[in-house]
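> My questions all concern the structure below.
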Amino acid sequence: MLYSLFYFLSSLNVPGARLFRYISFRSVLSFSLSLIISVLIGERIIRFLQRHQAGETIRNLGLEGQIQKKGTPTMGGIIIIIAILIPVLLLARLSNIYVLLMLITTIWLGILGLIDDCIKVIWKHKEGLSGKIKIIAQVGLGLIVGLIVYLSPNIVMYENVEIRQQGGRKTVSYTPPLKSTQTTVPFFKNNNLDYRDLTAFMTNHRTAATWILFVLITVFIVTAVSNGANLTDGLDGLTAGSSAIIGVVLGILAYVSANLGFAAYLNIMYIPGCGELTVFASAFVGACMGFLWHNAFPAQVFMGDIGSLTLGGIIAVFAIIIHKELLLPMLCGIFFTESLSVMIQVAYFKYSKRKTGMGKRIFKMTPIHHHFQKGGSEEVNVIIQKPLNAIPESKIVVRFWLIGILLAALTVVTLKIR
């Protein structure tokens, strides 16, 4: 909205209006505005949730400080969503297909999470939406994103970007714009993997098979990352802080992918138009950081499924549309580890019960952040006993953030490793 207004004013040579043409300027504004919005509206939304008794139901799992959380308002993810949408609607180019995809993702998963939280908190059905309905909604979003990336003529990229310096002149060369199924992967030749290579056995209809594979991978990633963020949301500030760290890296990747010079230097695909996503990423980071104002230990509000499902879905779709989705296992290492710990725990328990008649566990409790939170006696049916003493919640969260920062730095660094 404001972008269109100031673009018009700049054509009339109004002083200062040209600043809005710069993505960097609008990104700084977007971050600042989302941070301020999430801090200021947070108190009002928390009071509203308290008045309507939208408190979290806490199961007693024997964790330190758990009972004190009883009655803390949930559904605070509304704060994050509002703080993302307002700056993006004001400052981003709303005609940009990448921005539109991110708005669809935010609203789609926000509605899904809101329904789930309302069922659990307001209508007092603690199970919420059934897992099948959640998966169907996430798969539906993945299909929409994958098909739009495939069908939209506005989503193209330039491969093999090179900038040569000859004397005082620079020569830029790249392939013609094309619909590409390439994605960035560290340690591969030219840092790229083409999904087309995985369908080489399809002599007929290879192009169609490649795009079907891409859409299926999109569906899987959206579902996996969204649920991974949901599992991570068990400690005050953990998901919001981790998401902010991831958002910074995604914003950087979008910016360099839309810049010919950086794309050539890093040997990654040049994706015209995706630089506008930097404005969205800035709002995303600002909203998460502003939410921490209320959600840091001890939390005044929990984000609920409306927050965690939305944050995970945003991260997944963002990475997919800038063709960096295979960097997510490293970048989202915290989410990945949380999900993996649950799968390992369940699989080993079933295996050991079938084998010995007594189910054994790898961890004291999953997701894995609860393993560190739970101290106490040495149980014979738990393989990993350490730490024997419970680690304070705030210390676990900060340590996970530090690991997230390390993984984020490694993700960026790997772009230059051949």
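One is the number of the first residue shown, and numbering goes on along the chain from there.
The backbone N, Cα and C atoms fix where each Cβ goes, glycine too.
What Swiss-Prot records for 22-42, 72-92, 95-115, 135-155, 208-228, 244-264, 277-297, 302-322, 326-346, 395-415 is transmembrane segment.
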> Answer with yes or no whether the transmembrane segment (22-42) touches the transmembrane segment (302-322) by the criterion of at least three Cβ pairs under 8 A, sequence separation 6 or more.
no
> At an 8 Å Cβ cut-off, counting only pairs 6 or more apart in sequence, do the transmembrane segment (326-346) and the transmembrane segment (135-155) clear the bar of 3 or more pairs?
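Per Cβ check, the transmembrane segment (326-346) does not touch the transmembrane segment (135-155).
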> If we skip the immediate neighbours and take only residues 6+ beyond the ends of the transmembrane segment (244-264), which ones have a Cβ under 8 Å from one of its Cβ atoms?
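Residues packing against the transmembrane segment (244-264) from afar: 23, 27, 158, 161-163, 172, 174, 270-278, 281-282, 284-285, 288-289, 292, 315, 318-319, 322-324, 327, 331-332, 401, 404-405, 408, 411-412.
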> I need to check the long-range neighbours of the transmembrane segment (22-42): which residues 6 or more away from its ends have a CB within less than 8 Å of a CB in the stretch?
3, 76, 79-80, 82-84, 86-88, 90-92, 251, 255, 275-276, 278-287, 289-291, 293-294, 300-301
